[in-house]
Amino acid sequence: MDKTKALEGALSQIERAFGKGSIMRMGQRPKVETNVISTGSIGLDIALGIGGMPRGRIVEIYGPESSGKTTLALHVLAEAQKKGGTVAFIDAEHALDPGYARKLGVNIDDLLLSQPDAGEQALEIADTLVRSGAVDVLVVDSVAALVPRAELEGDMGDSHVGLHARLMSQALRKLTGTVSRSNTLVIFLNQIRMKIGVMFGNPETTTGGNALKFYSSIRLDIRRIGSIKDKDEVVGNQTRVKVVKNKMAPPFRQVEFDIMYGEGISKMGELLDLGVKGNIVEKSGAWFSFDSQRIGQGRENAKQFLREHPEMASEIERRIRAEAGVLSDALMTDPEPDADGTPED
């Protein structure tokens, strides 16, 4: 039998059974430009290589406690709302601070919030929201707090080996197809644990088994690397984000920015740092200059000057975005072990 006829027969049979478009040649597939949502950080948008977080994909953000995971996720929600999107937050940790979210630019009145009792309930709500196709961004905070119902109903000393990992694996198998079809960005926040008895390599691992590592298109490792002080008072954290996995662009880029208390990611700080990296802003000693005009002695003074002169800040931002290709190469780092002690694939 002729192979071409056999193939056409098989294709038409598949289309009759599963609907038009269920199978097609790659060349026939409509080319869709990656639709992204900004992270709220110019540097991280550049480091991701596509200008933000991709819709229709699963993203994992992990790191130690108080490293900025929820802050980064809330910035993404705020950016999606600015574009007129619908956003949801599944607060499994029951720890969302509405006042802080509002300060970061999130419209609390339109935010869909769920505080589920058990892991199964949280993931069922997530699946229903994604299937609706009406939600643009969904954040689950956090994987570690998705406690299986059997564990909640059992006694304190009971052993529940592998229940959490099985729950995550099952949920992600269901979610991954609907996430792609509905074009929803799903962000899982995750915590770090230490593996016992690791002599060599990185003892850190993330909770919830291995499924999320495989299903995530992007994995971000976020760490607090220092404190920002105003005289003796701590007013913020210096934060480093490393792209440990990226299916959309080259991984292993990292970016540093300031997270200021009550303000979130410091845009002015990023403009200075990226401006210096891209030779857009000149730094001579402690002085910062732009187009031969001095803008401040010391980083905090220069940041304040840019806040007071938004037209200059927007011009620096425009030039930084124009130099995104050059800057993304400057953000490249060597592959390092991720939270499992192995380089990401």
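Glycine is no exception: its Cβ is also placed from the backbone N, Cα and C atoms.
Per Swiss-Prot, the range carrying the annotation region 'Disordered' out of 26-45, 226-245, 326-345 is 326-345. In the three-state DSSP assignment, the secondary structure recorded for K69 (ATP binding site) is helix. In the three-state DSSP scheme, P64 (ATP binding site) is classed as coil.
Of all Cβ atoms in the protein chains displayed, 14 besides its own lie within 10 Å of the Cβ of P64 (ATP binding site). With every protein chain in view, the residue among the binding-site residues G63, G68 whose Cβ has the most Cβ partners within 10 Å turns out to be G63. Within 8 Å of the centroid defined by the CB atoms of G63, P64, E65, S66, S67, G68, K69, T70, the record's ATP site, lie the Cβ atoms of I222, R224, excluding the listed residues themselves.
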